[in-house]
Amino acid sequence: MKKILLAPMLIMVLCLSGCWDYRELADVTVVTGIAVDKTQNNKYKLTVEGINAQELNNRTAAGYAPSIVYSLSGNSIAELTQKMNIGFSRNLIYSHMRILIISETAAREGITEFIDFLERDREIRDDFRLIISRRTSAAQILKTTYPFQKSSSLKLFKQMDSFRRNWGGNPSVQLNDVVNALTSPAVQPVMEAVTIQGKASKGPSVENMKKVTPDALVVLDSLGIFREGKLIGFLPLNDSRYYVWLRGKLDHTAFSIECRKQNNNFITLRAYNNKSKITGHLEDGKAAFKVKLQLEGFLDSNHCGKDLNKVETYKEYEKLAEKYIEKEMKLSINKVQKKYKIDVYGFGEYLYRNDYKNFKTVEHNWDNVFKNAKVEVDAKVKLRRTALRTKSFISETKAKH
Amino acid sequence: MKSKIKIGGLQFFCLIFLFELGSAVLFGMAKEAKQDAWIPILLGIAGGCILFSVYLGLHKRYPDLPLTSYSQQILGKYLGWVIGFGYVVYFSYLAARVLRDFEELLVISQYHNTSLLTLGLYMIASIIYVMFKGFEVFSRLSQICLFLFLFTALPILLLEVSAQLLQPENLLPLLENGWSPVIKALFPSTISVPFGEMVAFTMLLPLVKDYKTAKRFGYLGIIVSGLYLTFRTLMNIAAIGTDARMRSTFPVLTEIGLVEIGDFIQRLDSLILIILVILGFVKIFIFFYCAVLGLGDLFKLKKPDKMIYPLGILIIFTSVFIAPNFNTHLEIGFKIVPIYLHLPFQMAIPIILLLVALIKSKIKKSRTKQPN
């Protein structure tokens with residue numbers, strides 16, 4: 001009996017030792033970014049960037065194009081991703097996708113339709129960034145080369161990450177954030193917008209990588225905001241930073257704050273440990289919120305000429321910074337309230353989680369209530385140190401004259 | 001076969017723990033209660049303990065017999081036999097259902113070109129292999145499985161915390177729509193799966209060392225696994241949010257897919273698949289083995305082992321033909337099975353059996369008293 005059992009077991013072991021539907025590395029092209037545009041005849045134009053791995057490695061690079069970008073038009077993104085071999089030779093794999101670019105026109109008509117595919121597909125993973133291309137087609141962004149990362153999508157991904165770390169002007173929107181915002185009763189999605197600086201037509205060539213100032217360069221532009229899955233406008237990068245802060249994702253940033261005398265001199269505050277907390281309540285259909293901001297920072301430049309050896313100067317600068325931040329944050333929120341009339345910050349989410357009974361009564365027209373909501377900002381700045389110098393040499397030179 | 005096997009307390013605990021987690025972890029429980037999904041599970045522990053006390057009560061009266069035997073003693077030869085046979089069918093059907101769950105999991109997540117039949121074949125083949133080695137081997141194996149489980153589940157927990165994935169505010173607002181969705185989620189679905197599925201252990205209790213061990217480690221197993229499931233659900237909601245959880249086919253896979261630490265630790269799906277397959281293995285094994293025991297007992301077979309091959313093949317094919325597509329499978333699983341199968345087999349019949357047994361013994365007592 002045992003011997004009879006042994007035979008099929010051994011045969012099974014043979015079958016288990018490999019994947020019968022594997023794909024060799026030489027047989028695949030890795031897709032690093034895809035772009036979605038609108039066309040007149042079809043619903044979408046899908047553009048795919050497949051990298052030429054040899055060119056990305058400095059040792060093996062021979063100076064050819066770092067990636068191949070190819071577009072197809074059709075009615076569903078899901079189908080087009082499988083149809084790309086009309087132009088590409090190898091199997092495309094999408095699991096390492098870094099960015100998804102949506103053109104401004106496509107975003108204005110709505111993003112919900114194809115986001116479903118991205119969420120559903122097992123190969124596509126939620127670790128890429130969603131971006132809007134402003135004033136240019138999404139495909140053009142993918143085609144613009146850059147000397148360091150070479151592939152446009154890899155460059156953008158890195159760029160956004162570095163920007164977020166240093167100045168914090170972009171929220172690094174992932175698929176999950178967008179879907180959560182779309183389905184949540186009280187918050188609207190946002191996406192970073194990029195554009196091309198220079199001559200877009202010169203972007204898609206190796207020549208563009210050979211210049212000190214590239215002819216075409218993809219730059220971060222603004223923050224696209226949505227209502228019901230449709231793009232309705234853009235907020236400048238500065239407001240984008242305040243948005244990131246309110247969402248609790250701000251890492252590091254820097255503020256230049258005008259001195260008390262307002263003589264066009266500034267101090268620069270480099271901030272870390274930024275925190276934000278929203279509290280609020282709802283009464284008779286009117287909402288009032290209090291935003292508590294907290295940051296630690298060090299002084300990175302000082303034109304104001306105050307003596308930094310004194311504790312009072314620290315206190316004065318802290319006050320100055322607090323006032324500045326409170327004003328700016330309030331302006332930024334008011335701008336969204338007045339101009340776009342939608343809640344991108346998640347104020348409503350706070351109410352939904354902490355006072356759902358009242359919130360239920362205004363849920364259906366929350367954006368209207370938000371529009372008129374009173375927002376107070378309270379900032380707490382802790383100036384910790386002044387980098388490598390105490391007094392500024394500027395005050396010394398002034399003293400001489 | 002019956003009298004020789006005796007399993008100890010720790011092994012019994014491991015069996016219960018892994019068995020309870022089974023498909024409950026896979027599909028995410030009590031989805032209809034939204035962000036309060038953890039409440040019905042917590043309450044379900046109490047329900048599970050009550051049901052288990054019914055099974056224990058029966059076991060205490062007939063310590064050496066499985067359910068299929070004492071049903072005949074309690075309800076008479078014919079009715080009892082029919083009910084026993086009903087249980088055999090029920091267990092085999094559940095084995096096939098759980099098998100299908102895991103086949104679908106593997107096809108959807110990794111093996112999208114492989115047929116269900118192939119995956120089922122490998123699973124059942126390994127189960128059959130262990131079954132021929134005997135139940136003692138399996139219960140010792142379950143100890144190893146528990147350690148494997150802990151060694152994989154704990155690092156995943158740490159990774160999720162360090163990836164800053166958990167947002168506790170996802171759990172608010174508490175009881176948004178009052179108690180009614182919680183109660184609806186609790187009964188019958190959460191009580192029946194996984195807690196009521198302990199009915200399979202009515203077949204296995206005679207194999208446990210003694211009544212005290214069965215009682216102590218049985219309750220312990222239910223409570224610990226219930227608490228783990230509650231904790232797991234809390235984590236799941238905190239990580240992916242209520243909405244994504246409602247829409248995910250396998251919430252736990254969605255959750256683990258989000259773990260990404262420094263572009264380096266990522267794509268942990270296969271890790272969680274290992275756990276899920278281990279859990280599936282234990283659960284299918286237990287249902288399958290109960291069906292084999294039941295058949296052996298009902299037909300008075302000297303060697304119930306002979307039933308393993310035919311039943312195994314039956315389970316593989318049932319798992320494939322049970323539903324034409326995944327959606328039908330889920331719909332049957334969530335709408336029909338809990339009411340028309342779980343309710344009678346897990347609750348009604350055992351309770352009736354216990355009541356009849358109690359009444360019978362009372363009548364016996366009064367009869368023996370009267371002549372004196």
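Here the Cβ of each residue, glycine as well, is placed from N, Cα and C on the backbone.
If you check TrEMBL, you get these features:
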TRANSMEM  B:12-31  transmembrane segment
TRANSMEM  B:37-58  transmembrane segment
TRANSMEM  B:78-96  transmembrane segment
TRANSMEM  B:116-132  transmembrane segment
TRANSMEM  B:144-166  transmembrane segment
TRANSMEM  B:186-205  transmembrane segment
TRANSMEM  B:217-240  transmembrane segment
TRANSMEM  B:271-295  transmembrane segment
TRANSMEM  B:307-327  transmembrane segment
TRANSMEM  B:339-359  transmembrane segment
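Contact between the transmembrane segment (B:12-31) and the transmembrane segment (B:307-327) does not hold: fewer than three of their C-beta pairs are under 8 Å, each pair 6 or more apart in sequence.
The highest tally of CB pairs under 8 A with the transmembrane segment (B:307-327), across B:116-132, B:144-166, B:339-359, is held by B:116-132. Most Cβ pairs under 8 Å with the transmembrane segment (B:37-58) belong to B:186-205, among the candidate stretches B:78-96, B:144-166, B:186-205, B:217-240, B:271-295. Most Cβ pairs within less than 8 Å of the transmembrane segment (B:78-96), among stretches B:116-132, B:186-205, B:271-295, B:339-359, belong to B:271-295.
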